[in-house]
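According to Swiss-Prot, the ATP binding site annotation covers Ala198, Lys199, Asn200, Gly201, Thr202, Gly203, Lys204, Thr205, on the basis of sequence analysis. As annotated by Swiss-Prot, domain 'Helicase ATP-binding' applies to 185-355, with the evidence given as sequence analysis. According to Swiss-Prot, the domain 'Helicase C-terminal' annotation covers 365-525. Annotation comment: Swiss-Prot describes Thr260 as phosphothreonine, evidence class similarity to another entry. Annotation comment: Swiss-Prot describes 1-80 as region 'Disordered'. For 154-182, the entry in Swiss-Prot reads motif 'Q motif'. Per Swiss-Prot, motif 'DEAD box' is recorded for 303-306.
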Amino acid sequence: MNNNNNNRGRFPPGIGAAGPGPDPNFQSRNPNPPQPQQYLQSRTPFPQQPQPQPPQYLQSQSDAQQYVQRGYPQQIQQQQQLQQQQQQQQQQQEQQWSRRAQLPGDPSYIDEVEKTVQSEAISDSNNEDWKATLKLPPRDNRYQTEDVTATKGNEFEDYFLKRDLLRGIYEKGFEKPSPIQEESIPIALTGSDILARAKNGTGKTGAFCIPTLEKIDPENNVIQAVILVPTRELALQTSQVCKELSKYLKIEVMVTTGGTSLRDDIMRLYQPVHLLVGTPGRILDLAKKGVCVLKDCAMLVMDEADKLLSVEFQPSIEELIQFLPESRQILMFSATFPVTVKSFKDRYLKKPYIINLMDQLTLMGVTQYYAFVEERQKVHCLNTLFSKLQINQSIIFCNSVNRVELLAKKITELGYSCFYIHAKMVQDHRNRVFHDFRNGACRNLVCTDLFTRGIDIQAVNVVINFDFPRTSESYLHRVGRSGRFGHLGLAVNLVTYEDRFKMYQTEQELGTEIKPIPSLIDKAIYCQ
């Protein structure tokens, strides 16, 4: 069989192996093939295209006209549509490659992002109205400060997150990324280490939970990420946020803390766990027993990192890191970073991306007052504040466990509802108090500094320092319990003669101003 016949078998009539063009051996089925036309010279620089001739089997002139009207323009239109689709695909590919060139980090993960983008781009055509099916919570119309509103205008969709994760984000009540989330999420998704410093109540939890959940593979039943927190209450709160954000994902979240049944935790770890949230001591204990296997854990998050790197926790964390793979990613978040953080960063973080959104340490939306009182006048002053202020919920801080219990008893005797919580309580009792106060079962909570770290209760608009804190760092975290996520709050400090020097020192170290309390406090500064 010769090449000409092979060409005729492989290619359509009139097209040879070298491309479009007449085949000299091709015999047309049309007995009257169209003759080459001589182009007439005209004013137009380009020759007119020859019109197609209708086949001989079309007998009438009307049939021939319909053939030309239907066939020829339709071919032109199909070619134009094909060219437009090719141009659009080329533009999308160029945009993706330009975006890819700007992203630092692991190229393999960027490939995964590109595949996710392409797959979701295909599904977008069929699911353009997916947001219409969301069960959104009531919109929070309270005033917000620039801490959370001064954003770059990004949307959560800009980070190419999983559709089911986006559903959880929006149904959680997140509308747009806060400044710390805008800075952290895209960097964390590239696999880089992060050292982030941001104010209390500006969305740090979402800044590390969202990229952590995005990078977890639900099909791989191993522990892929660990979130470390310094307190049991913060562990419960963080795990609850993770569960709410991932409710449409098949991600198993486990929380483990000291004070709970070790046997129950061991039994739970025999089931699939993708994300582990807990305190360092308990997780280290489980890892030493060989029950908590961390060899596939590629992500370690440290919330309230300054507290985690204190003398109390740092040895446990350094020992725990030895159970992680060498290619781990570490994310550190806090409002303050002492010297110990820098030494830890130099030893364990690999070229970390530094984020510092702390132009001012104290929150912009919290108004701070002080009242000079004698020790024996404090309870009477507190009673006056309760009667004068419009309190949604308040947290009252004392410096010792005994003073917490005594003050809670006094407040109850005055006729106000009150809970108290401190570190010496049984863990089940602490959990119940925390849960009930968060759900609004009581208006006032008396506690020690145990409750200063990361606890997020949106209804709290008043913080009262019954005892002035011993350090400026503790003051910062106490005040941060009000004015959450840019909302307005009020902090009142009951200051004795012995406390005045600590208050002045706190003002200097934090660069803030604590004003004397006026006779009448405008509700607009803490109730909007």
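Just so you know, glycine gets a Cβ as well, placed from its N, Cα and C.
Predicted, not measured: the structure shown is a model, and the values here were computed from it.
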Expressed to the nearest Å, what is the distance separating Lys199 (ATP binding site) and the residue listed as 'phosphothreonine' at their Cα atoms?
31
Pop the Cα-Cα gap between Thr260 (phosphothreonine) and Thr205 (ATP binding site) into the table, whole Å please.
24
What does the DSSP secondary structure composition of the motif 'Q motif' (154-182) look like, as residue counts for helix, strand and coil?
17 helix, 0 strand, 12 coil
Work out how many Å separate Ala198 (ATP binding site) and Thr260 (phosphothreonine) at their Cα atoms, rounded off.
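The Cα atom of Ala198 (ATP binding site) is 31 Å away from the Cα atom of Thr260 (phosphothreonine).
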Would you count the other CB atoms within 10 A of the CB of Ala198 (ATP binding site), including those on all shown protein chains?
23
How long is the line from the C-alpha of the residue listed as 'phosphothreonine' to the C-alpha of Thr202 (ATP binding site), rounded to the nearest angstrom?
30
With DSSP, how much of the motif 'DEAD box' (303-306) is helix, how much strand and how much coil, in residues?
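Helix/strand/coil tally for the motif 'DEAD box' (303-306): 2 helix, 1 strand, 1 coil.
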For Lys204 (ATP binding site), what is the secondary structure by DSSP, using just helix, strand and coil?
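In three-state terms, Lys204 (ATP binding site) counts as helix.
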Can you tell me how many other Cβ atoms are located within 10 Å of the Cβ belonging to Thr202 (ATP binding site)?
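I get 23 for this one.
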When you measure from the Cβ of Thr260 (phosphothreonine), how many other Cβ atoms are you left with inside 10 Å?
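For Thr260 (phosphothreonine), the 10 Å Cβ neighbour count is 16.
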